[in-house]
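First comes the structure, then the notes that go with it.
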Amino acid sequence: MSPYPPLIRAILSNDASTLRTLLSTNDPNQTAGKYSWTPLHFAAYHHTPTLIPLLLSHDAAVSVKESKDGFTPLHKAAERGYVDIITILLDAGADIETPSYAGSTPLLIAVKFGCVKAIEALLSRGADVKCVDRTGRGVLHVAAEKGNLDIVKFLSKKGAAVDEGNEKGRTPLYLAVRNGWVDVVEYLVTLEGVDVNKVGDDGWTALHAASFYGKKGGEMVKVLLENGAEVGVKISSTGYTPLHKASEAGNLEAAKLLVEKGASVNARSLRRHTPLYAAVRFGDSKERERMLEMVKMLVGKKADVGIKDRFGMGVGSIAKQKGLTEVMKVLDVEEEFGL
């Protein structure tokens, strides 16, 4: 048996006759389900456009929020991409900018779910393309994070903010890099106003993210370098350069590209860590072959194996502590450490 009351069942069955009868004696704004949806939420989400005018004629509340996310019926229509429902609701006076509990407008929801037609419909009716949620995410942040290139292109041409940071200072470019969307990054770096070297609140640039996360190996780093990314920027809290982060992550292709572009193999962090130190100290010991190749590359590029951190610990000592015999051979420091 259905857990829903008769009025909701009539909507789910798209039964206009039964709904009309029930509305004569039932509250058009009654709530049902775990998250207190109204009949209009159900009608919008389940795409029953012929029933919505009937509900509205019986004073169904057009902008009421459900209890889970604070979505209105317009949010639900935007989520599903139902342009006809969006049009009906807006014509009935639905507020196009009503935010959810997280601060998302229907436009942000349409972008999140990749509903191009819904995005177009909302913008044509005056939705604010520069809206942001409570975390400072705008429409391009959401589209870039999702990797939806077509939507990124469309929104950028409609006046969306291309280089604004969210509450953590992360731009659409950073989020596209962080999530490995090379095609989105290739497009964003061509836009006027996009600063490829913009620093987030955590001190990271897009190049730091590409070097460390490396979902596309060196491909992402290559795109950024070709578009003016600077190799020497240091994270304010650690002093790590992109090469430090690539070395730490074992992202060999990225590290090679950075060195070729002039990154210093002996750059020191705030604690006097070099990229070689980062590779051995913080590299994944379970990925020994990858770490070994990184060490070979850095040493081959004249990394100084004798530099010690601010506590007097050298890379050879760390390799010894971690039992990295093959790394020790490459470092050639057996005598110095009495091995």
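Cβ atoms are placed via backbone N, Cα and C, with glycine included.
Listed features, source TrEMBL:
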- 35-67: repeat 'ANK' (REPEAT)
- 69-101: repeat 'ANK' (REPEAT)
- 102-134: repeat 'ANK' (REPEAT)
- 135-167: repeat 'ANK' (REPEAT)
- 168-189: repeat 'ANK' (REPEAT)
- 202-236: repeat 'ANK' (REPEAT)
- 238-270: repeat 'ANK' (REPEAT)
- 271-310: repeat 'ANK' (REPEAT)
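For the repeat 'ANK' (102-134), the DSSP-based tally of helix, strand and coil residues reads 16 helix, 1 strand, 16 coil. Across the residues of the repeat 'ANK' (135-167), the predicted structure has a mean pLDDT of 98. Sorting each residue of the repeat 'ANK' (202-236) by its DSSP state yields 16 helix, 0 strand, 19 coil. Long-range neighbours of the repeat 'ANK' (202-236) within the same chain, counting only residues 6 or more positions beyond its ends whose Cβ lies under 8 Å from a Cβ of the stretch, are 168-169, 171, 173-174, 177-180, 182, 185-186, 189-190, 196, 242-243, 245-246, 248-249, 251, 253-258, 261-264, 267, 269. Away from its own ends, the repeat 'ANK' (35-67) comes close to residues 7-8, 11-12, 14, 16, 19-20, 23, 28-29, 73-74, 76-77, 79-80, 82, 84-85, 88-89, 92-95, 98, 100-101 of its chain (Cβ-Cβ under 8 Å, at least six residues beyond either end). Tertiary proximity for the repeat 'ANK' (102-134) is limited to same-chain residues at least six positions away from its ends with a CB under 8 Å from its CB atoms, namely 69-72, 74-75, 77-83, 86-87, 90, 96, 142-143, 146, 148, 150-151, 154-155, 158-161, 164, 166.
Sequence-distant contacts of the repeat 'ANK' (69-101) (same chain, six or more residues past either end, CB-CB distance under 8 Å): 35, 38, 40-41, 43-45, 47, 49, 52-53, 56, 62-63, 107, 109-110, 112-113, 115-118, 121-122, 125-128, 131, 133.
For the repeat 'ANK' (271-310), residue counts in helix, strand and coil come to 21 helix, 1 strand, 18 coil, using DSSP.
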